Amino acid sequence: MTAVDSPTTRPQAAGGVTVQKPAAQRPSRRRRHDALVPWLLTLPTLLVLALLLGRPLYRMIVLSFQNMRLRELLTGVAPPWVGFEQYQKALTDSTFWGVVGRTAAFTVVSVTVSVLAGLAVALLMRRVHRRVRLAMMIAMMFVWALPQLVAAQAFVWLTDSDFGVLNYLIDKIPGVDYANHSWFVNPWQGWTLITVLVVWAGIPFLAISLSAGLTQVPKELLEAATVDGATAWQALRNITLPILKPLLTIVTTLSVIWNFGLFTQVWVFRSGHPEPYFQTLATYSYTQAFGQSRYSYGSAIAVITVLLMLGVMVFYIRQMFKIGEVD
Amino acid sequence: MAARQDDGVLTVGRSRIGTIFANTGGVLFALVMIFPVYWVLNTAFKPRDEVMSFEPYFLPAHPTLDNFVSAIKAENFLSGLVNGLIITGLAVAAALVVGFLAALAIARFNFYGRRAIIMIILCVQLVPLLALLIPLFLMLQGWELTNSLIGVALVYLVLLLPYTVWTLRGFIAGIPKELDEAAMIDGCTRPQVFWRIILPLTGPGLVATAVYGFIQAWNEFIIINTLNSPAKQNLMAWLLQNQTERGTAWGPLMAGAIITSLPVVIFFLLIQRNIATGLTAGAVKG
């Protein structure tokens, strides 16, 4: 079953007939005109991006060197220039470093668990009966289709301390008292729940992409290896994973980018008021700006966040070029 | 045995017990994955006393539609629905028109700066829009576009545009260039090639991209929640408001969640084949 089929890689009809390029015979005036066409076509996109993405990006950087508070927002007075003060404030603040460490730790753990789980599910899908595989696909499709907010709210309800079904089920285990258990008193438990939600929501994309990738592993190769006495683990390590590597790299990178920006799940679980130990870089920047009216400080944190992610983004783009998707 | 092999499933060196384990694991996985979705549905159809029960009802004993009625009658539901449709419609339409032109340029022309534009599109896709929310908020306020549908639609346009360009590029590149060339030899002009060949053949791609854009814009709630007051928000933001304000009314909330996600889920299931394309295409050789 190919869940992911790419319109870009459809086999082109290789006719063997070389079409003579008519462009070679055209007058040069037409060619000069042709050189302008692609730019005219991309102009609207570039304008939109410049105005609504480039400009805010520039303003965010400027803002991070100023001190914009509620007073400046309401009166329209130009905020004072303070140089690196906001950055200095962030970088010397242990709260900020706590947020950075927490976000990084969450990213590492959640991405590792998600990718391993996704891979396991993808491999499992190859071994099960056709009907079981269909059931797995259907379940994953529904999870994937669910809006992030709704998924998060569903989890809040499942883990409700009084009427949540999770506490009820855990309470059924002999010797465990989980009636009225509150999951967010202990930060470790709260973060476990957030991670479970993120992994649960992330598995469909990972498992379905990877299982599409697995169809590219030649069956003959695996069969030959098995006949030659390779164990399942050896076949996975030496045949399947090397073939899957480019795809694995891409989905892992994307997961890092997405999970590093964790916001919705925390926001919904904590009803818009995350306690200090549930703050991530995204929620921290947001609450500083829109909760405390420290627009400049929030911007400085956002700039630092983007800088921290830049390495991963560059890696992703290089990977896309390497794979040859971009030609 | 033969039928099994047709599935593309490996049969050599697989034990019977292993297969039973795998199938059991697969079924368990499917059940665990779907359970939260099931619980949303289950809760939405339960009367209040069955929702607020220490002994949970795994099936509604007295199924009811009351929760849906009270969700629809709740404050700002209808305005949220209308606002969401307007904003999403504007953003998707604008992204398609603007994005299609750029996709055409990237897919069909070889020009100086093309690689740079591709780089920009790819980079922009990764910029967390949430990080830009502070300056966006200040900019829109300067243009007096906060608490307006147009302002949010503009932000959503940026949210959708990179993906739109990237996906449409793929669809256009999938149309053989020889078709353009043949048409031009037969006397078609460039605009005619566009109208008669590329546009009709990209039709399904345009639909898929529009639907994906709809899902993205429909699901967004942080930006609109920050820029607009409740009366000018969409259904997702309405849902968030409902959770924080009436935290314990889980029946109506879950019913509202179903209504809000229904269009998205249906659309998603319709175009699921194309969803991952823009992100991992090329790594999966079809």
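Note: Cβ is positioned from N, Cα and C throughout, glycine not excepted.
TrEMBL does not curate its annotations; it predicts them automatically.
Sequence annotations record features per position, and here TrEMBL assigns transmembrane segment to B:20-41, B:85-109, B:116-138, B:150-172, B:193-215, B:249-271. What TrEMBL lists as domain 'ABC transmembrane type-1' is B:81-271.
Taking residue pairs at least 6 apart in sequence, the transmembrane segment (B:20-41) and the transmembrane segment (B:193-215) share fewer than three C-beta contacts under 8 angstroms. It is B:85-109 that, among the stretches B:85-109, B:116-138, B:249-271, forms the most Cβ pairs under 8 Å with the transmembrane segment (B:150-172). Long-range contacts of the transmembrane segment (B:116-138) within the same chain, counting only residues at least 6 positions beyond its ends with a Cβ under 8 Å from a Cβ of the stretch, are 102, 105-106, 146, 155, 158-159, 161-163, 165-166, 222-223, 226-227.
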